[in-house]
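Per TrEMBL, domain 'Major facilitator superfamily (MFS) profile' is recorded for 1-192. Here TrEMBL flags 7-25, 45-67, 79-98, 104-130, 142-164, 275-298, 318-342, 363-390, 396-420 as transmembrane segment.
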């Protein structure tokens, strides 16, 4: 655990950032309904506008995540973390000031623009930071702890929402987002690859190139030349069968997760406090599982088996949601998060072991980009389906039909995960260049 303790500043930064982000999720539902459909319990416009927002953000993130990851391989994780953590502040500040319709639309537009860069990038860069500093044998546990910190922030942020007014919620969230940015800049050291963990292999010709670059400090690097092309991304995906399989699992898993979130809000008409209760149950169970169970189970079962376990329970709890026959069923189904939270850390750990030490940012960025593409596809597929089966035009009465379809998407990910076979890590054998432009 000594190496993990060295990541305490990253964990604190991530906690503060996630606390600010998660605490507004229950409140944004009420704000959206009040701005778009005041006095109504159902609002198709809110469903479509939320789906459109998620699709645009996902499309932008799909393009940006590989770029962000690749830039972090060259400039360092801290430099790239600064941008999304800072940009997160501005949309929150708008609703902290006012939540009228005009300010909501200003928030809506700015949220789309900033989230295309911010959505998922903090988590992606944090994973790469952990991979830089933790040996392969401990990464699954470290990724689990990182996710557990996020779940803990999820619980604390959601609980705080229960005791704050809507206005105070956004004001506190803005303050915490600012604190996260300041803390990160002051205390977080930049990620430096430890030679004992992985040694970058630079050919003699490359070394000469680096020396020549040092002799020409005035020469500016063109940032967009560092953006991996589609051919580069496909080559990286094809470099390992395990990596390709993990990418497929990631797509369908994210497709289901995003679809479930949107469908739940519309299906059960949760208000701010009810949705907060559901999130607290999910978060507490997930925190306990990731901080206590995963460090034990990951070395014993292996990431591949633990991934399948997590996806099986993910599918099961979605199906329970779809056939909920009483108000208490969604709360009971939320306890499945004890197990389904295993899936994302396991996917990231599997990918991390298949990629060279100097390509961690790019690899995690590609997986995040694939997840973002799923964020685009999910609203397009499930928002119209949800709106249809909650309307009077439904071909048959099954309000949870869209959630059932979400569960089938998760089942596809589960079946694919069963095909992943444990193979020796190859990341230490991969050749790469690590030219950080900034160090701690």
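Residue positions begin at 1 at the first shown residue.
Placed from the backbone N, Cα and C atoms, the Cβ positions cover glycine too.
Where the transmembrane segment (142-164) meets the stretches 79-98, 275-298, 318-342, 363-390, 396-420, the count of C-beta pairs under 8 angstroms peaks at 275-298. Highest Cβ pair count under 8 Å relative to the transmembrane segment (79-98), across stretches 45-67, 104-130, 318-342, 363-390, 396-420: 104-130. As a whole-number mean, the pLDDT of the domain 'Major facilitator superfamily (MFS) profile' (1-192) in this prediction is 85. For the transmembrane segment (318-342), the list of distant contacts is 144, 147, 151, 256, 260, 264, 267-268, 277-278, 281-283, 285-286, 288-290, 293-294, 297, 306-307, 309-312, 400-401, 403-404, 406-407, 410: same-chain residues at least six beyond its ends, Cβ to Cβ under 8 Å.
Panel annotation: around the transmembrane segment (7-25), residues 81, 85, 88, 92, 95, 122-123, 126, 129-130, 133-134, 142, 145-146, 149-150, 152-154, 156-158, 160-161, 169-170, 172-174, 176-177, 179-180, 183-184, 187-189, 275, 279 of the same chain, lying at least six beyond its termini, place a Cβ under 8 Å from a Cβ of the stretch. Here the transmembrane segment (45-67) has Cβ contacts under 8 Å with residues 32-33, 36-37, 108, 111-112, 115-117, 119-121, 124, 224, 226-228, 233, 258, 262, 266, 362, 365-366, 368-370, 372-380, 382-383, 386-387 of the same chain, all six or more residues outside its ends.
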